[in-house]
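For reference, TrEMBL has these:
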type    : residues                                               : note
BINDING : GLY11, THR12, SER13, LEU14, ASP15, GLY16, VAL17, ASP18 : ATP binding site
Amino acid sequence: MPDLFIGLMSGTSLDGVDGVLVDFSPDAPLVIEHASAPFPPDLRAELLALNTPGENELHRAALAGNGLMRVYADVVATLLRSARVAPGTVTAIGAHGQTVRHRPQEFDGTGYTLQLCQPALLAELSGIDVVADFRSRDVAAGGQGAPLAPFFHQGRFGRRGETVGVLNIGGISNLTLLRADGSMLGFDCGPGNSLMDAWCSLHTGQPYDDQGAWAASGRPVPALLEALRAEPYFAKAPPKSTGRDLFNKEWLRYKLLPFGSLAPEDVQATLAELTAAACAADVLRLQPGLRRLIVCGGGALNTHLMRRLRALLPDTGVNSSADDGLPPLQVEATAFAWLARRTVRREKLELESTTGARGARVLGCIYPA
Ligand SMILES: Nc1ncnc2c1ncn2[C@@H]1O[C@H](COP(=O)(O)OP(=O)(O)OP(=O)(O)O)[C@@H](O)[C@H]1O
Ligand SMILES: CC(=O)N[C@H]1[C@@H]2OC[C@@H](O2)[C@@H](O)[C@@H]1O[C@H](C)C(=O)O
């Protein structure tokens, strides 16, 4: 009997939605179908704008959430049509929503993480149970609310008796260390593609630097790299998580101020180096001698970035998750299908080692169809 779930992820790159239809009945989850959809330009601009304080946010956030659900519902329809599967055969959809603020454990000591989502609308549009709001229980239990994919990485990429690293390079980058003794650690390293995307779009009009070719045409500026790496987040010990709240265009603009005019391609090369160097430094600090690093997220498609990671981690085999049977752009969406299944089954996750939450909890909230 198939055990079908859908996972939907729209991450901090704000490039659109990735969706997967997954069968969990085999030993390794089987992705039956993958579909993605870009955001309509107005919705993308609004979601991006909602990442920073602005006018009439409650109203705008509610409407942006509705708009996001319509894109989610289109992706669900595409998945079902391509796989020739009826909605009634899918147990649930795991819908991440769009993170617009991430300030766990701040302000009043609890803080918050906010993913725009209207799960009731998605249940209405799709006719399938929806699981959403995966992060807030973790924050309520004293955790960072992120990253959550490490729990999925453990089951999918972990190898008995071997230490394996999984590096997701999305808008933000996060590292999972699956240790040979069965323990694990997961945290956000810092920026992934988001600063490179912003700079690339500003100077070339392209949404991202295809294969990192533009970055490869420039030369990193050592003093700028040093100034960027001086950001205290990089030296903090895990558990830790971050987002566009810190690493955004304004942050970059401020750091660039003392440098006057630099060649745009050299800045792009420096931003690529920042991502590679921050991730590599975390590996070297926390798991020196790591033999296998599996890279997922859109950054795995950036040839220049992968080349720089390999150069900075000469003792580590650095490969795309595609080599382990799961293409880089399907990993996070599959993680949210997997997390939804855990919610439906009321299975707790051992959160402490990753998010720093006080104990094991069931994450997510169910909206029946
Ligand atoms: N061919 C490519 N060459 C270079 N970069 C690419 C390529 N394809 C995708 N990317 C990068 O990957 C990004 C999308 O990655 P992904 O979908 O993993 O991010 P996300 O899920 O939004 O982020 P997060 O993991 O932070 O939630 C794009 O914005 C782009 O920077
Ligand atoms: C708050 C939030 O949305 N965090 C995202 C973001 O994107 C990458 C990194 O920062 C990670 O912490 C997380 O996403 C993945 C899916 C996670 O929870 O594992």
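Just so it is clear, glycine is given a Cβ too, placed from its N, Cα and C backbone atoms.
Recorded features from TrEMBL, shown on the structure.
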{"residue": "GLY11", "record": "ATP binding site", "Cβ neighbours (10 Å)": "23"}
{"residue": "THR12", "record": "ATP binding site", "Cβ neighbours (10 Å)": "22"}
{"residue": "SER13", "record": "ATP binding site", "Cβ neighbours (10 Å)": "21"}
{"residue": "LEU14", "record": "ATP binding site", "Cβ neighbours (10 Å)": "21"}
{"residue": "ASP15", "record": "ATP binding site", "Cβ neighbours (10 Å)": "20"}
{"residue": "GLY16", "record": "ATP binding site", "Cβ neighbours (10 Å)": "18"}
{"residue": "VAL17", "record": "ATP binding site", "Cβ neighbours (10 Å)": "23"}
{"residue": "ASP18", "record": "ATP binding site", "Cβ neighbours (10 Å)": "24"}
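Checking the binding-site residues GLY11, THR12, ASP15, GLY16, VAL17, ASP18 for a CB within less than 6 Å of any atom of ligand 2 leaves GLY11, THR12, listed in sequence order. Only GLY11, THR12, SER13, ASP15, in sequence order, out of the binding-site residues GLY11, THR12, SER13, ASP15, GLY16, VAL17 have a CB under 6 Å from ligand 1.
Shown in sequence order, MET9, SER10, PHE39, GLY170, GLY171 are the same-chain residues outside GLY11, THR12, SER13, LEU14, ASP15, GLY16, VAL17, ASP18 whose Cβ sits within 8 Å of the Cβ centre of the ATP site.
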